[in-house]
Each structure stands twice: as structure tokens, then as C-alpha cells.
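Enquirer: Can you keep this structure in mind? I'll have questions shortly.
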Amino acid sequence: QYSPDSVAGADGELDPTAVTFPGCSCRRSSCQLPECPCLARGHNYSSQGLRLAEQQEQPFSRPVFECNSLCSCGEGCHNRLVQRGLQLRLQVFRTRSKGWGVRALQPIPRGSFVCEYAGEVLGFAEAQRRSQAQNPEEPNYIIAVREHLHDGRVMETFVDPTRIGNVGRFLNHSCEPNLVMVPVRVDSMVPKLALFAATDICAGEELCYDYSGRFCNLPAASREGKPQEEENSLRKPCYCGSSMCASFLPWDSSLFSTP
């Protein structure tokens, strides 16, 4: 079932459509600092989209908060980007060795929002149950996103587009990707998993991101480790074709291990 936005999972633990953030009272058509509390919360967009260079230069990237449905600013506010959804011409196509993939049908400048990775937002228990119920040969669409806070806490988000999702579920992994995933918050603390162009992308180029989360992040941010011998059978080969290819798709055993 196609859905442009994430929905509450069958476990009912999290509702991504709930509005829990207060809105700003800005009367401008486009919010500005320092008046707007939404902009003051974190990282802001430039006229070209996300400021990727600034994020890489900081030990920790600032969070991204967009103006929301309770804000007084207009729909044309520059702090409303990911919530507008897909604006680019993309095509799902059959690749030579990776199954389905997604390519751009137009040039995409660096920093541009491309699409969201939408699906069912799950709690850890349901995400783990679904992962362990899969056969090794089945494709695994469940993504676990971990945000490392400055005080050492880790916020986890699990999204499963297996049954309900959007074009993002067809994006392939690359060890040298042209997209980067960034959690963006609009109405609540449940983030939208937004994919931005990490470089200038040409028309016809396949769109890929790094499933491990290492790309554009500190090395310690990834929980991928050397898998146990019994886990090797669950790993899938990588066909990204990059000179930096790690031979296998990223592996994170947290949803498969039992306490």
C-alpha cells in the first residue's frame, strides 16, 4: 500500500501524525531568526536545502525542526521542506543485479530534499518480532535509526515499509552513496527519515544511501560490528560496484539478538 508519509504501526506504540509540538506565532510569510522558536531549536535550511557542509564540520550535528501545522507562518515558509513531500521526478526501475532501484529523471543539486523513507513506525519489540520472523532470503526493509545525543542518550526510530510505504523502500545501498538520511521533526518527536542529496546528482543516476549510517557521521555512530560466525548466513552480498565496496550489506544484529 503506497503512503507518502509514515503511519502508526500495527503495534500502535507510536503515532507519527500526532501533533505535540507547539506552533510558532510568526506572522511573516517566512520565519526568521531569532524570533522563530522552531528555527531556534536546531539546524536550519539554506535556499539550496540542507547545509551539509556545516553538519560535517561539527562534532554533533544540530537537530532539524520544521514549522508545523500549529504554526502561524504561511505554507510558503522556507522552514517547511520535508513536510511538502516528494517534489522531484524519480523512477523505480529494474537494476541489473540489485533488484528494484530508484533513479533521478532530472538533475538534483546538492543539499536538495529528495524523498522520505516512509512506512510503519514501530516500537522496538514489534520491530524485533518482525525481523526475527523473516526468512534469511527475504528482503529486509526495516530500518533502525539511532540518534546519539550529546549527553550520551540514544533515541531509536524503527520504520518498516514492507506492507505500507513509499518510493523510499526501493532505494538501494551504496558504500559510496549520493544521498544521506537525516531525521527531521515536524509535528512531534517522531522524526521523518528524510533523504537529501549529498552531492550534485545527474539525470539518470541511481539514487543510493548508506544503510549503515556511517556516511556523513562519526565512525562511532554506527553499531555495525564484526558479525558472529552464525550470523554470516544472514548477511547479503553488496553489489554497489564502488571501489570502496565492503562486499556485504551493513549488518546490525540488535533486532535479531535476544537479551
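Every residue gets a Cβ built from N, Cα and C, even glycine.
Here's the feature list from TrEMBL:
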{"type": "DOMAIN", "residues": "22-85", "note": "domain 'Pre-SET'"}
{"type": "DOMAIN", "residues": "88-212", "note": "domain 'SET'"}
{"type": "DOMAIN", "residues": "234-250", "note": "domain 'Post-SET'"}
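Mind running through what each feature is packed against?
Expert: Each residue in the domain 'SET' (88-212) gets a DSSP state, and the totals come to 14 helix, 51 strand, 60 coil.
Summarised as a single figure, the pLDDT of the domain 'Post-SET' (234-250) averages 87.
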Enquirer: I need to check the long-range neighbours of the domain 'Post-SET' (234-250): which residues 6 or more away from its ends have a CB within less than 8 Å of a CB in the stretch?
Expert: 97-98, 136, 172-176, 208, 210-212, 214, 222, 224, 227, 256
Enquirer: Using DSSP, how many residues of the domain 'Post-SET' (234-250) fall into helix, strand and coil, respectively?
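Expert: The counts are 1 helix, 2 strand, 14 coil.
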Enquirer: Is it possible to list how many residues within the domain 'Pre-SET' (22-85) are helical, extended or coil according to DSSP?
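Expert: Residue counts in helix, strand and coil order: 13 helix, 7 strand, 44 coil.
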